[in-house]
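As written in TrEMBL, here are the features:
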- HIS112, HIS116, ASP304: Fe cation binding site (BINDING)
- THR135, VAL136, SER137, GLY138, GLY139, ASP168, GLY181, ASP185, ASN276: substrate binding site (BINDING)
- 25-310: domain 'Gcp-like' (DOMAIN)
Amino acid sequence: MTEPTILAIESSCDETSAAVIRGGKVLSNIIATQAVHEKYGGVVPELASRAHQQNIIPVVAQALSTANVTKNELSAVAFTRGPGLLGALLVGSSFAKSFALGLNIPLIDVNHMQAHIMAHFIDDPKPNFPFLCLTVSGGHTQVVLVKDHLDMEIIGQTTDDAVGEAFDKTAKMLGLPYPGGPMLDKTAAQGNPKAFAFPVGNMPGYDFSFSGIKTSVLYFLKDKTKDNPNFVQENLADICASVQYTLIKTLLKKVVLAAKDLGIKEVAIAGGVSANSGLRQTLQEYAGKYGWNVYIPAFQYCTDNAGMIAMTAHYQFLKGDFADQYVSPEPRMKF
Ligand code: KG4
Ligand code: ZN
């Protein structure tokens, strides 16, 4: 079959998403964001799971109708196997397994972190192999050497918190509403990134550590609010800009090192934090400074979406890489 038509499902965290891809072209990408977590200031796994159950059928129906594809035209059903929240992954995987069984078509299990990188193959320009990808999300921070569509090697990663967590936890300490990362980004736009200095993590090789900056922000705030209880309100934009600046510097320092060591000038970013305006802008500046070709995904393909799962599934389909009905979710799935 030259033009496989695949339905893909993403349910690893708090977005229920379905997409349809035909011949490598994404025809629809429907995302239902779960507002239920807002009042808790973070994702509540049990509530995520229940919201996925409510959303999945309407989201799949909308993905098929938007793509103008009927279920009988499908060549395969793909789903996120991991990493992610077990209860959330179970909803997508159970749905995909039943759907594939009912239609008697193959099932494709996709790694969510590989899929974030594969989002770069949805639109042009596409990176050339080999390229480096800085994958930054709420649960992961990785420097990945991408040798081919499905051939990737993690050469550096966080040894503690993910950078998305550092954004979210700082935002929470500053009293910004959930989701913290995008709010911190927005507030930082009005601030001075050099107003306050925070320590830059110093790990060997291409690895990262983000727990130190979180603690230093906590002590900084404790110290400053002792004399002035309004310190945060008065300096909010400057604090956000300074923390964001430090996080971006920490991330890109390792990318610069890896690019230099490996002699690679194709550099991409992926994952939820790649939506950060400071990171996007700094990467553009580095393109000029280091002679890199940089690849920044469209906003809709930065945060969790099924379009990226569909793109990965397309290449797995071409390779004949299918799962059977015994496949189960893997919350800590590696690649
Ligand atoms: O990839 P993603 O949607 O989900 C995971 O797989 O984790 O990433 C979510 C993370 C959250 O930590 C969120 O705060 C962060 O991405 N994020 C941002 C921005 N947009 C999303 N962080 C900083 N600036 C943003 N604009
Ligand atoms: Zn993600």
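Placed from the backbone N, Cα and C atoms, the Cβ positions cover glycine too.
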State the three-class DSSP label for THR135 (substrate binding site), counting H, G and I as helix, E and B as strand, and everything else as coil.
strand
Roughly how many Å lie between the Cα atoms of ASN276 (substrate binding site) and HIS112 (Fe cation binding site), rounded to a whole value?
20
Given the binding-site residues HIS112, HIS116, which one's Cβ is surrounded by the fewest other Cβ atoms within 10 Å?
HIS112
Among THR135, GLY139, GLY181, the binding-site residues whose C-beta sits under 6 Å from ligand 1:
GLY139, GLY181
8 Å Cβ shell about HIS112, HIS116, ASP304 centroid, Fe cation site members excluded
GLU10, SER12, THR80, MET113, ALA115, SER137, GLY271, GLY272, ASN305, MET308, ILE309
With the Cβ under 6 Å from ligand 2 as the test, give me the qualifying entries from the binding-site residues THR135, SER137, GLY139, GLY181, ASP304.
SER137, ASP304
Largest tally of Cβ atoms lying within 10 Å of a Cβ, found at which of the binding-site residues GLY139, GLY181
GLY181
If we check Cα distances from GLY181 (substrate binding site), which of the binding-site residues HIS112, HIS116, ASP304 wins as closest?
ASP304
Spatial hits near ASP304 (Fe cation binding site) (Cα distance within 10 Å) out of the binding-site residues THR135, SER137, GLY139 come to SER137
What does the structure give for the C-alpha distance between GLY139 (substrate binding site) and HIS112 (Fe cation binding site)? Integer Å is fine.
11
Given HIS116 (Fe cation binding site) and SER137 (substrate binding site), what distance in Å do their CA atoms have, once rounded to a whole number?
9
Take the C-alpha atoms of THR135 (substrate binding site) and HIS112 (Fe cation binding site) and report the distance between them in angstrom, rounded.
11
Which number gives the other C-beta atoms within 10 angstroms of the C-beta of ASP304 (Fe cation binding site), all protein chains shown included?
26
